[in-house]
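*Asks:* So TrEMBL says this about it:
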- B:R26, B:E88, B:R127, B:K461: (6S)-5-formyl-5,6,7,8-tetrahydrofolate binding site (BINDING)
- B:233-238, B:252-258, B:277-280: GTP binding site (BINDING)
- B:N233, B:T252, B:V254, B:T257: K(+) binding site (BINDING)
- B:S237, B:T258: Mg(2+) binding site (BINDING)
- B:223-382: domain 'TrmE-type G' (DOMAIN)
Amino acid sequence: MEVKQYDSREYDVIVVGAGHAGCEAALAAARMGQKTLLLTINLDMVAFMPCNPSVGGPAKGIVVREVDALGGQMAKNIDATYIQMRMLNTGKGPAVRALRAQADKADYHAVMKDTLENEPQLTLRQGLVDDIIVEDGVCKGVITATGARYYAKSVVLTAGTSSRGKIIIGELTYSSGPNNSLPSIKLSESLEANGFKLRRFKTGTPPRVDGNTIDYDQTEEQPGDKKPNHFSFETPDTAYLKDQLSCWMTYTNETTHKIIRDNLSRAPMFSGIIEGVGPRYCPSIEDKVVRFADKPRHQLFLEPEGRHTEEYYVGDFSTSMPEEIQLKMLHSVAGLQHAELMRPGYAIEYDIIEPWQLTHSLETKVVANLFTAGQMNGTSGYEEAAGQGLIAGINAGLRAQGKPAFTLGRNEAYIGVMIDDLVTKGTNEPYRLLTSRAEYRLILRHDNADLRLTAKGHELGLINEDRYQKYLVKKSEIERELARLQQVRIKPTPEVQDFLAEHHVAPLKDGVLASEFLKRPEVKYEDVVKFIGASSAEADRYVKEQVEIQIKYQGYIKKEEQSVERLKRLEAKKIPQKIDYNAINGLATEAQQKLTKIQPETIAQASRISGVNPADVAILSVYIEQGRIAKIS
Amino acid sequence: MPIVTEYDTIAAISTPPGEGAISIVRLSGDQAVKIAEHVFKGTNLLKVPSHTIHYGHIVDPETKRELDEVMVSVMRAPKTFTREDVVEINCHGGIVPTNKILQLLLAVGARMAEPGEFTKRAFLNGRIDLTQAESVMDLIRAKTDRSMQVALNQLDGNLQHLIHNLRHDISEVLVQVEVNIDYPEYDEDEITSKLMREKAVEVQARIDALLSTAQQGKILREGLATAIVGRPNVGKSSLLNYLLHEDKAIVTDVAGTTRDVLEEYVNVQGVPLKLVDTAGIHDTEDKVEKIGVARSRQALAAADLIILVLDASEPLTAEDQALIKDTQDQKRLVILNKTDLPARIDQSELAALGVKEDPILTSIKDQSGLAAIEQQIKDLFFGGIENRQQDILVSNNRQIGLLQQAKASLTDVISGLDAQMPIDLVQIDMTACWEKLGEITGENAPDELITQLFSQFCLGK
């Protein structure tokens, strides 16, 4: 029997999906004063972590900080629910340091759900969206499976792996969203009917085992840090968790690999069952064994899923082998010989919308007032999803108010790098952020995310006045201390010479500026302060950190700033919308096709499209500069 | 990822190659004045008013050596040809000194201009009227694509191979560093400062070796010095013109009309020739001609290849015999020209004079036998002469400039490591070096490193 539809309420913004993208999108829109509806297939899966129970890591951890600086929730949510915190890459430079936390999976969900429920302008509701309402190329709302028609000024879709999701375990395949949840079938059809180009991606997750049956003696412990660190710039060191849970490391071995090789014919990756494209950086264990045949072992990380569960995530052991084989594989691993399987690993295939159909604001070019974010755009990872969700939510909120879009450049945030990559190049596999994707990673550090973005968050209404004032104070303290160090001289006093002798370096001949002294590799900010005294107000550790980084790495920072200047000049050359590229004489055919497809917003973006060469860019700039542009009517 | 280089400061020699009284090296772009000032000793160019000219010297900032006495014009945007800051260095003519100045500018930050790039900029910056739009765009299209193609085609296979290997070695380090950063918990080997420094030093030595061949590599850089000799009016200038495909030398039927040594550059079957057309070498009382003759003899002695032209329609003269003797120890082509007229020289006469080469019979007037000349030049070059200089691979200013920049980046890598900078920062300069080398071979591709990362390492959660 057909479900009878009814008109439900009207909102400013509707967000479909309450994963890591959807939560950020809905909170951002609501906090910008927009009446917001957040629909999810299952309320018990809000901010659910279907894969790794962790947040952060290289590049990703920086995104979490950026989300925080823009007034998003992810950092605060993990700070409230982590069971382990580690700073990674401490032996390397400041640009690549990254924080990673193990999350209590259940708590993470619960705290986020609670936050959503208590956000004044936000309504959280269970509902499966089947259709988007589109009139004259403009999205007006959504229709749920239960027949409710919701109208809104703008809509954000964050359907994740639910879109025509299909779980695969060996020979078994069934229609499902993540972790056996209800899949979303009709929404994909609705998108295709509205002209979207979709494609299939694949990802996977490893088995979970019962921690009581792990022999930890055969594994290596990986404890959390003693030294406090948090993701949010608002979480104080005093809140640092003392009682942290450890992760445990073990390895596969030749026996594991033999089991896998002997059963490759039953591996969906190789038997042809899986059609979707999987990520290179997150290969299944069977993929690793095949591709890196000469590697005698692969690392595995056993990660607790929470404080009130014994379930352990077997990291780096993603597999879609039949359950029978998964058991054999697990039992061949040191420490897991007697491990009880709690959930088998699986592969999941799902629809994504090809991300070149989006603009930098994450609005679709196909349907106006419709935004998409997260895994649906071809990315992978909670942090990538959150970053996009925040931007999509902000822009949906701005659109609802008739305000211009908000975007971030490649020089402003990893979020900007990610979105530009997606909309300019598209992606042929689930996209993960890597530090190597950023051209200016020394500028895009995790420690300066607040300095980069807090003012923007404040302007958007997502950072409250109190926090904004604190940011201004920190900023001015840094500037004052930098100025002081560039004025005060360190003289060759006996203390200074003793210090240098201790570090086996030549003594000073003359006085030097404190800033120059700090540039010496053996000198730390604290040492400088010993010789010149502390500033009037004792600087907090974040101010000290900034002063030290900005002085010590000044040469490299300047180099990157110079390239940023060049980028900005090209970014300033805007390309008008709806150019008829076929009418531009002299453009190579490939360039015409690519430009028509991507519709770059600036000359800089055009130059990043593969297949568009410098001559094409030159010709395009001429057309724009001369204002002689044929437009598609 | 290289951004469009539209705003780089570019440099090029703006006067035609050859022995003019002066040559002009031109810079355009917002760093033009700064770059010029860097190599200029005289008035501070940064402070001079626009559209003024200044006397001084070009000095290599590293060696402090004076290269040339020059006049430098400073013209600031927007009232210039390109509407950017433009500096023109008027130096003494001659390809060698002019080239040196250009190379110096490239070494300190300018980029070698692509053919037609000054005009292109003038156009892009709106100086040229839109009415010319269509044709100029065709030009941009053709020139940019072609010049890239030409640059790449000219690339010696060996050089390409060497650069490719250099890049490969660098990228292994780069990728390893990236793996260490993005996957800190993996048991992949950690690149240490020591390893990175060793690699930088090693690569720098290899770039140095390439650059030093460039310094000595007169042949490939400046062309195979080729002297066309013969007594007056045997057809030397006609041959030169044929090779040049345009009438630059004065050719008449009156003996002695080519009085100066002309130099022209020409590509014969892939062999770069610097053609030295000599005034006829003969005894003369004419004062002007005497100078020309003396210079010709000099040019002759210095030549890598002699093209001896004899007039087949006249018996061998004493002068011919002297030339045959003078050039017998050099690589040489012997040409019997004017075969359209009745032959008056027997080839056995030549053999008797010790000519071991098979003479090439030509009638330049009738365009016959010319292909044979080109073929022989090619055979000679690829079959023998190049052995003398087999290590010389770097042949043009673009490549030299890029190699110097790559080298400078490595110097930054080493000094960064010595200052105990973290590897991921030093990586910035290592990557810059890798990109510069990629520009030489045109093999920079977006996401190249990321692709390598995933093919080389087993990664991922």
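Cβ coordinates are placed from backbone N, Cα and C, and glycine is handled just like the others.
All TrEMBL annotations are machine predictions without curation.
Just so it is clear, the model here is predicted, and its values are computed rather than measured.
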*Asks:* Taking every residue in the domain 'TrmE-type G' (B:223-382), what is their average pLDDT?
*Replies:* 73
*Asks:* Which residues does B:E88 ((6S)-5-formyl-5,6,7,8-tetrahydrofolate binding site) neighbour through Cβ under 8 Å, counting only same-chain ones at least six apart?
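*Replies:* For B:E88 ((6S)-5-formyl-5,6,7,8-tetrahydrofolate binding site), the qualifying residues are B:S14, B:I24, B:V25, B:R26, B:L27, B:V72, B:S73, B:M75.
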*Asks:* At a 10 Å cut-off from the C-beta of B:K236 (GTP binding site), count the other C-beta atoms across all protein chains.
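*Replies:* The answer is 27 other Cβ atoms.
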*Asks:* Would you please pick out, from the binding-site residues B:N233, B:S237, the one with the fewest other Cβ atoms within 10 Å of its Cβ?
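*Replies:* Each of the binding-site residues B:N233, B:S237 was scored by Cβ atoms within 10 Å; lowest is B:N233.
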